[in-house]
Amino acid sequence: MSRKSSDNEYTLRSLSNLMGEKRRNAKDDSGERSLIKAASSSSINSQGPAPPVASTCDLERAARKQFQEDVTPAFVFVLAGFSALGGFLFGYDTGVVSGAMLLLKKEMNLSALWQELLVSSTVGSAALSALAGGVLNGLFGRRPCILLASFLFSLGAIVLMAAPNKEVLLVGRIIVGLGIGIASMTVPVYIAESAPPQLRGRLVTVNTLFITGGQFFASVIDGAFSYLPKDGWRYMLGLSIAPGVIQFLGFLFLPESPRWLIQKGKTQKARRVLSQIRGNQNIDEEYESIKTSIEEEEKEVAGDGLVIWRMLTYPSTRRALIVGCGLQMFQQLAGINTVMYYSATILQMAGVKDDKMAIWLAALTAFTNFIFTLLGVWLVERVGRRKLTLGSIAGTMLSLLVLAVGFLLTTQHSPRVTLHPTDPSSPNSTCTEYGYCDGCMLDPDCGFCYQMNGSSVGESSCVSVNKESTSQASWGRCSNTSNTAQGIFWAYNYCPTAYSWTALFGLILYLVFFAPGMGPMPWTVNSEIYPLWARSTGNACSAGVNWIFNVLVSLTFLHVAEYLTYYGAFFLYSGLAALGFLFIYGCLPETKGRRLEEIESLFENQLYQLNKPNSDLKNAIRLQFSKGSRFPDGDYGVSYISL
Ligand SMILES: O[C@H]1[C@H](O)[C@@H](O)[C@H](O)[C@@H](O)[C@H]1O
């Protein structure tokens, strides 16, 4: 018998067992029951074509529902929820700092260098601890790492809340960063290793939903506490203690990953944990398959040396590592954090004049990012990782083009500077020399002060910005924000033109496309593509790459914008997203519905595997149920029954 037909037979047997199981469990008088019965009898009776009693989609839906009822005890959701608090803290602590900084720089009189230090120290230490997290995960397991991360989050929150000076603040931000790095690489792995295959993508993606949820919550807290006359930043930075402590307490009771336990030879404990997280399911088959694959892995990759070195030596893990790190790199190169950071300005450009609104507008952007990540949670098991990521990066690339064209149009229609007064406080200021708003707005020391004449820009000047608060000029008509009532406006970082709305349109389009795919998929895919022996190291490297490129992109954005102008910067990001598309198209296989132990094989002969998701199972079903009737194209998400 050929390999292919024996595979099909195996799949059919699994299908028929599953259906048989369902038949035994099915309740009287259920429509689904008759579907399942018909399916199972035709599976067992493979003599000739069965009558097309029901569409394959109905069958699949029925099977999916029944199967999920059978195998998904609530415990898995509790476990994923507590773990994803790590994602929430990642989002909260990276998001809250922008609002806190507005208050801190006034209260502590922070120089630009200190502001920069307080923001990037967290991302920098996250990069280091993500890399170190690989070793910790391998040695001590996932649970102690999550406990450590939540301890660091809570400790960091206390230090930040009580900080008497900027030096202590810096220590607090570094501690929090160490927590973020460890959580960012451990949580997806822990969820992926505990979830049943048909829910794995969805549950890991929930972690990114929590990241964007944390960012949204942070922006709301920033808005709310910005009204406090004093010490608002202490609440902003300290609030993360609550989820940190909840996660810590929860993880005192949650179990270690069963796969890590099996790898360490703690087989009894592993069986206990598997039974706990699989509820009434028989765990023997899953346990044996994990154990066998670990034993095979150990035989194949036996040897000393650093794991990273062994990963680079084996073609399949090398490819997986390239795919994982590449995805994370392109996620950041597509400019998500720049776009989010710059969103308030983009919205102001589009005509929102009230300065106090800026902080709430940033919340709106974070909310869009959050809501569309939810779409990703819904889509990931329906369309699969590959299609979702490809669609997302293609849309991201187009939206970046729209943003670039929007900025190009605003540059081309940049208003003239009509007045050139002398700055009384600093007569040598170069601001007043700019001829057009465009040059003025690219200079970080200057802003554009203008009067509206109906719908067009009237008298205008370029003057120096108030260093304390960029929402007003240091002198003249725009040094008093109440002048807006008389039609006098201050534009810092942007130029008012009739085309400004195009950038807003680009921003929304960007988030709609980025959030469901490029936001979560790099994390989700990385949690599943490495074999167990390489999983901690693989995730550590790819999370490290994510953080390193995060720092790089945010630190270089203003310089890039200065050299290439804003539209040039967005054209550049769009080009990078196009490269990302080619990379993903060429390298990312579909992992949906497969057991973690099967996924390594997808990287063995990449070209063959890329477009072959679940084809054996599809063929099997097609053979059994659809002779003579059309089997629609596409992936049905039936793969979870390929036991
Ligand atoms: O997946 C997340 C998410 O997209 C966040 O919004 C972003 O700030 C992070 O950098 C990214 O890793």
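Just so you know, glycine gets a Cβ as well, placed from its N, Cα and C.
Under the heading compositional bias 'Polar residues', TrEMBL lists 8-17 (among others).
If you look up TrEMBL, you'll see 20-35 marked as compositional bias 'Basic and acidic residues'.
Positions annotated as compositional bias 'Polar residues' by TrEMBL: 39-48 (among others).
Summarising the annotation, TrEMBL assigns domain 'Major facilitator superfamily (MFS) profile' to 79-592.
Taken from TrEMBL, the feature region 'Disordered' applies to 1-55.
Look at TrEMBL and you will find 71-92 (among others) tagged as transmembrane segment.
The annotation transmembrane segment is assigned in TrEMBL to 112-133 (among others).
Counting residues 6+ beyond its ends, the transmembrane segment (145-164) has Cβ neighbours under 8 Å at 83, 85-86, 89, 93, 133, 136-137, 171-173, 175-176, 178-180, 182-183, 186-187, 190, 234-235, 237-241, 243-245, 247-248, 251-252 in the same chain. The transmembrane segment feature in TrEMBL is assigned to 145-164 (among others).
Positions annotated as transmembrane segment by TrEMBL: 170-191 (among others). Residues 79-80, 83-84, 86-87, 89-90, 93-94, 97, 117-118, 121-134, 136-137, 142-143, 145-146, 148-153, 155-157, 159-160, 163, 200, 203-204, 206-207, 237, 240, 244, 257, 523-524, 526-527, 535-536, 539-540, 542-544, 546-547 of the same chain lie 6 or more positions beyond the ends of the transmembrane segment (170-191) yet place their CB under 8 Å from a CB of it.
The transmembrane segment annotation in TrEMBL covers 203-221 (among others). Under 8 Å from some Cβ of the transmembrane segment (203-221) lie the Cβ atoms of residues 76-77, 80-81, 83-96, 99, 187-188, 191-192, 195, 235-236, 239, 340, 359, 362-363, 365-367, 369-370, 373-374, 376-377, 380, 515, 519-521, 523-524, 527-528, all in the same chain and six or more residues away from its ends.
Among the features that TrEMBL reports, transmembrane segment is placed at 233-254 (among others). Sequence-distant contacts of the transmembrane segment (233-254) (same chain, six or more residues past either end, CB-CB distance under 8 Å): 78-79, 82-83, 85-86, 88-89, 92-93, 96-97, 99-100, 103-104, 107, 143, 146-147, 150-151, 153-154, 156-158, 160-163, 172, 176, 179, 218, 221-222, 225.
Long-range Cβ contacts of the transmembrane segment (320-342) within its own chain (Cβ-Cβ under 8 Å, at least 6 residues beyond either end) map to 98, 215, 311-312, 362, 365-366, 369, 389, 393, 396-397, 400, 403, 507, 510-511, 514, 518-519, 521-522, 525-526, 529-530, 534, 538-539, 541-543, 545-546, 549-550, 552-554, 557, 569-570, 573, 576-577, 579-580, 583-584, 587-588, 600, 603. Here TrEMBL flags 320-342 (among others) as transmembrane segment.
What TrEMBL lists as transmembrane segment is 357-381 (among others).
Residues or ranges marked as transmembrane segment by TrEMBL: 388-409 (among others).
Below 8 angstroms of C-beta separation, residues 208, 212, 330-331, 334, 336, 339, 343, 346-347, 349-351, 365, 368-373, 375-376, 379, 388-396, 398-400, 402-407, 409-410, 413, 455, 570, 580 of the same chain, each at least six residues beyond the ends of the transmembrane segment (498-519), sit close to that stretch. Here TrEMBL flags 498-519 (among others) as transmembrane segment.
Per TrEMBL, transmembrane segment is recorded for 540-560 (among others).
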